[in-house]
Amino acid sequence: MAEVEALPGLKQPVDDAGLLEDANQVHTLVIPSGHIWRVELSSDEKLSLKVTAGIGEIFGTELANNVEYTFWDWKFGIYAVEELEIEWKCPQLHDRELSIVENTTAHNVYNLHFALEKMRSSTFDGPRIMVVGEKNTGKTALCRTLCSYAIKNKPYQPMFVNLNPVEPIFSPPGCVTAVPISSTLDAQLPRWGETMTSGATRLHGKQPIIKNFGFETIAENRSLYKLVTKKLFETVSERLQNDSLVHRSGCIVDSPPLENCDDEYSELVEAIVGLRINYLIILCNDNDKGREIYTKVSKIVNTYVGERLLRVPTMAGVFEKDDVYIRAQQRAAIREYFYGDTRTVLSPYNLGCDTSDITVWRPKSVLQGENTNLDTLEVAPVDSSTLQYALVAITYASRKSDSEEVLQAPILGFGLITELNEKRNKLKILLPVPGRLPPNAMILTSFRYLE
């Protein structure tokens, strides 16, 4: 027994062996068929579990039996397709009441999946669906599940498109992305998996198409958002046209929350037109608010999708994501881009250079009082208040390119300005790979990361 010194008069014996035993204590949980174990973990909580009997899945990805999975800093659900027995250990969860709820929307998801399968098998033009809804309705969960189901038993490669810059999926935050889902998604990662830049990984890495928006909310610059998504739509359409397997597999599009769109839902309309969406799925419950949302959306999109607007209830077991959780996920995505995670450790390169060696552009924001020429860039001042700890997108455009060329250029990758000395005109920038600093223009994002 060790004794911990505290405030005078407050000495409490602590059983070190007991603490260690509690941390490694294995618990057994049986989840009834058709139910979800809702798991909520903070950044300092680690859950290890192993399926010992039954069939369970996380967002459509089946968990292998007798394989240990590790989770942290995530809110997710484990669905028991049939009665599921799990061995788990997590000292922080030990004293909590576990949340197990019935999956009341499983049949809706299955019906959608089988309808999409029928379309893929009956025509060369695969289904192009977009999921819309308000925050915390399960849009991303439904998209991920449908992608996982599509590749489970057939050699399909559906194109997943993320139009919500808040969600860092296969990219740092502030991006809109598209990626053909050709293999199993990593059930342990909220960001769906790892990309080809992570090197050797246990699961096949994905190669996403990434367009940098740079802001968290669409409202900060709607003109720029529409310009960036238009470029994404063009690239996705070209890929669908040139890849017959992806074309037949179709598109699954995760839209930004309805609250983030303008009153006319013009962002949704442009996505419907740009990606030639033929089915729109709206997540809302059958109550007064849900019917009001459905009516408003249907009036606006009726011209484009007609009767192919489907109402599906809000996904069962969905979590509410507050700002603290969202910031934690964005921070984790930036960290993993440069450093990897506990299973795939990366070694970024910290490079020193003169401030005169870089040219950083920044988009305008209505939150800063900008109201004109919002779809153009301006040169950012090279000072600590602007660039310190900033995430920057490195473009293919040269440093001498003008605003329009930089805005239209594809993204080479991302860098993180870790230090800036204004007196010496020196800075340090973290890059994913070693080598010289590319002589390319950079675009400042609104995201910061401090170790």
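Heads up, the Cβ atoms here are built off N, Cα and C, so glycines get one too.
The ATP binding site annotation in Swiss-Prot covers K75, N136, T137, G138, K139, T140, A141.
Taking the Cβ of K75 (ATP binding site) as centre and 10 Å as the limit, one finds 17 other Cβ atoms among all the protein chains shown. Other C-beta atoms found within 10 angstroms of the C-beta of A141 (ATP binding site) number 24, with every protein chain shown included. The binding-site residues under consideration are N136, T137, T140. Their Cβ neighbour counts within 10 Å are lowest for N136. Shown in sequence order, V131, V132, G133, D254, S255, P257, L283 are the residues of the chain, 6+ apart in sequence, with a C-beta less than 8 angstroms from the C-beta of K139 (ATP binding site). One way to see the shell of the ATP site is to take the Cβ centroid of K75, N136, T137, G138, K139, T140, A141; the remaining same-chain residues with a Cβ within 8 Å of it are G133, L142, L283, M315, V318, F319, K321. Taken residue by residue with DSSP, K139 (ATP binding site) is part of a helix. Around the Cβ of G138 (ATP binding site), the same chain contributes T105, L283, T314, M315, A316, V318, each under 8 angstroms and 6 or more positions distant in sequence.
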